[in-house]
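> Annotations per Swiss-Prot:
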type: TRANSMEM; residues: 2-22; note: transmembrane segment
type: TRANSMEM; residues: 62-82; note: transmembrane segment
type: TRANSMEM; residues: 95-115; note: transmembrane segment
type: TRANSMEM; residues: 117-137; note: transmembrane segment
type: TRANSMEM; residues: 140-160; note: transmembrane segment
type: TRANSMEM; residues: 164-184; note: transmembrane segment
type: TRANSMEM; residues: 191-211; note: transmembrane segment
type: TRANSMEM; residues: 280-300; note: transmembrane segment
Amino acid sequence: MGHYFINLFTYTIIAFIFSAVLCKFLMKKMINYKFGYDLHKKEKIKVPEMGGLAVLFSNALFIPFVNPIFVLPIITAGIIGIVDDIAKLSPKEKLILLFISGLIIGILFYNNSYVNLIEILIIALGIMISSNLTNMLAGFNGLEIGMGVIASISLALVLFLDNYTTGFLSALIFSASYLGLLIFNKYPAKVFPGDVGTLPIGAFLAVLAVVYKEYIPFLVIMMPYVIDASLKYLSAGVMSRDEHKPTTLKEDGKLYYIGGYLSLPRLILKYKPMREPHLVTVLWIIGIFFGIVGILISLIA
């Protein structure tokens with residue numbers, strides 16, 4: 001048991017440090033190659049993008065020490081994210097690529113006796129849907145990465161309580177890698193994650209949920225994403241991420257909702273305008289709440 005906790009501590013700490021150091025390096029390189037502008041600031045701030053590359057490399061390097069097959073959804077979703085960041089895939093193209101990659105991953109997991117035939121399709125659908133959900137709840141400094149860390153830690157604790165050691169350790173390394181990115185992505189953001197950073201979150205968590213049959217806790221943990229996507233769909237139909245216009249920043253430094261499509265952040269701002277870091281904190285608290293509920297459901301079950 002002592003040896004297990006030493007490995008646990010070692011892998012997670014090194015993954016965190018590696019991700020943070022690599023992210024710092026990439027920020028300097030990407031600022032002149034791939035960058036965007038922070039839309040919720042009074043000044044026009046130039047911010048490097050694709051910081052998720054640091055997390056992709058960190059997870060690809062350290063998760064195989066636990067179980068190599070668990071890195072597959074991260075790498076495939078990450079590659080699709082890179083293509084999307086550079087070439088701007090349409091929503092339909094992104095869904096198709098994620099579904100096809102999900103089928104391939106499902107077959108590989110089936111060949112290694114992790115899932116049955118029906119679960120191959122569940123993995124494909126899970127990767128397609130979940131990756132898009134974690135990609136859509138975004139647009140504010142630290143939001144998507146912070147929510148991803150909360151969701152992955154929540155699922156890690158569910159797996160720990162159910163004695164799934166390999167899944168728990170994989171999810172913990174995954175969380176540590178994203179924490180390394182969050183240091184630079186939190187308000188005020190010094191780097192944006194890009195789709196290479198957001199798509200793998202949903203893909204990895206969906207695969208863990210299917211492999212370890214943690215369907216209900218996973219669905220509960222993902223509820224903030226589901227609510228956000230439902231609000232967007234009901235208010236505006238299917239949109240590409242580029243169509244997600246920023247909220248209004250007024251002279252008092254607060255963000256306001258003044259019409260247009262609804263989302264979870266906009267629903268909050270509709271009733272109480274607030275500053276960007278405060279809004280993100282509220283959303284993190286919502287994520288933590290559903291994470292705790294998911295953990296409690298696992299304990300009861």
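Each residue's number is its place along the chain shown, starting with 1.
Glycine too: its Cβ is placed from the backbone N, Cα and C atoms.
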> With the transmembrane segment (95-115) as the reference, find which of 62-82, 140-160, 191-211, 280-300 contributes the most Cβ pairs under 8 Å.
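Comparing 62-82, 140-160, 191-211, 280-300: 62-82 has the most Cβ pairs near the transmembrane segment (95-115).
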> Given a Cβ distance threshold of under 8 angstroms, which distant residues of the chain, six or more beyond its ends, lie next to the transmembrane segment (280-300)?
137, 140-143, 146-147, 150-151, 153-155, 157-158, 161-162, 187, 214, 216-218, 220-224, 264-265, 268, 274
> Take the transmembrane segment (62-82) and find every residue of the same chain, 6 or more past its ends, with a Cβ under 8 Å from one of its Cβ atoms.
11, 14-15, 18, 50, 52-53, 56, 89, 94, 97-98, 101-102, 104-105, 108-109, 112, 114, 127, 131, 166-167, 169-170, 173-174, 177, 194-200, 202-204, 206-208
